[in-house]
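Visitor: Please find one structure pasted underneath; my questions will follow.
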Amino acid sequence: MAIDPPDLHVPPHRINGHSRKPVSSAATTRQTSTLQEERERDEVELEANRVFKKRRTSSESPEERDEEVKEEVEVEGQIQDIAERELQKHLHDIEREVEADPNGTEWEDLDAEDTDDPMMVSEYVNDIFDYLKAVEQTTLPNPNYMDSQKDLAWKMRGILTDWLIQVHMRFRLLPETLYLAVNIIDRFLSARVVSLAKLQLVGITCMFLAAKVEEIVAPSATNFLYCADSSYTEAEILQAEKYILKTIEWNMSFPNPIHFLRRVSKADEYNVQARTVAKYFLEIECVEWRLIAAPPSLLAAASMWLARFVLGKEDWTPNLAHYSSYAEGALIPTANLILNYVLKPVRHPSFYKKYASKKFMKVSCLSHFSIPC
């Protein structure tokens, strides 16, 4: 409840107990006139602010509305011009920057810290990744193999791999298993024409093969057939297994991109957030056919570069360039393909749902990444 303040009125001729001479009428008139002028100015300013903040109504004439729209368009055009100039300036600055050389001498030997850890095999790690880099060119599928398929399209490949991601999650398999399965699918489809009725059989058989290679305890053929609603028999999956292995010449030595990602993560000090976002970008290769032609090492490096970029870490240090074996300029085209997929609406729900979980920090829920420009 509001309380009225006490009346503190004191006669003008009695202040501090002393008598005060009354002010003359002329002085009173000037003071009253000055107060009135100040009051009028305040009212004018208040009315001006009220008019400025007044909402637009339908009582405005069409000419006034057209004029306002024209002014808004001009302002937006000016803002867009400023943004374009800033972007061009930023791109010009990037071109002037000196890229870190993967073969330079400014990088640090991070493997020297692991000499006491036999699990890190620091004595052989360079030879191992040199071998993987050499092998990756021999296991790349034909990026145009869909041209020879009569009943299939790239969209069907995306549907198949998205379903395999769901199967992969159900059995809680290793990430290496998923990448190997997708690679076997692409290599097999590069060499053989497959009907739509047999596409799911090819996919589930390749996952069965990959699990045998990568897992300690692989699910049985019966388990995989259960995920396929028993559309095929166990004899069919075993027969398909032999046929696929014969087609790819029993070559299962696939340099998994997750290995390269772990290698470059070492140069990023194993940052959990950057690595998780990079895993999300890397797995896009399984559902996006435009990334088939990219080598696994390039996919891993581009995923890490883009992950750091969206997290505000724009510098590609000499350590990152050396341990990824790629300069920054070589990563831009592949990173652009990954980013184009991310910015489009969700097309593969299982893949989206996987990375919307707390385990992966809900990175797929970030519909708009904060891309600095």
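Each Cβ is built from the backbone N, Cα and C atoms, and glycine gets one as well.
Take a look at what TrEMBL says about it:
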{"type": "COMPBIAS", "residues": "11-21", "note": "compositional bias 'Basic residues'"}
{"type": "COMPBIAS", "residues": "25-35", "note": "compositional bias 'Polar residues'"}
{"type": "COMPBIAS", "residues": "36-50", "note": "compositional bias 'Basic and acidic residues'"}
{"type": "COMPBIAS", "residues": "61-75", "note": "compositional bias 'Acidic residues'"}
{"type": "DOMAIN", "residues": "162-246", "note": "domain 'Cyclin-like'"}
{"type": "DOMAIN", "residues": "255-369", "note": "domain 'Cyclin C-terminal'"}
{"type": "DOMAIN", "residues": "259-340", "note": "domain 'Cyclin-like'"}
{"type": "REGION", "residues": "1-76", "note": "region 'Disordered'"}
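I would like each feature placed in context: is it buried or exposed, what are its neighbours, and how far apart are things?
Guide: For the domain 'Cyclin-like' (162-246), DSSP puts the residue distribution at 65 helix, 0 strand, 20 coil.
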Visitor: Of the residues in the domain 'Cyclin-like' (259-340), how many are helix, strand and coil by DSSP?
Guide: 62 helix, 0 strand, 20 coil
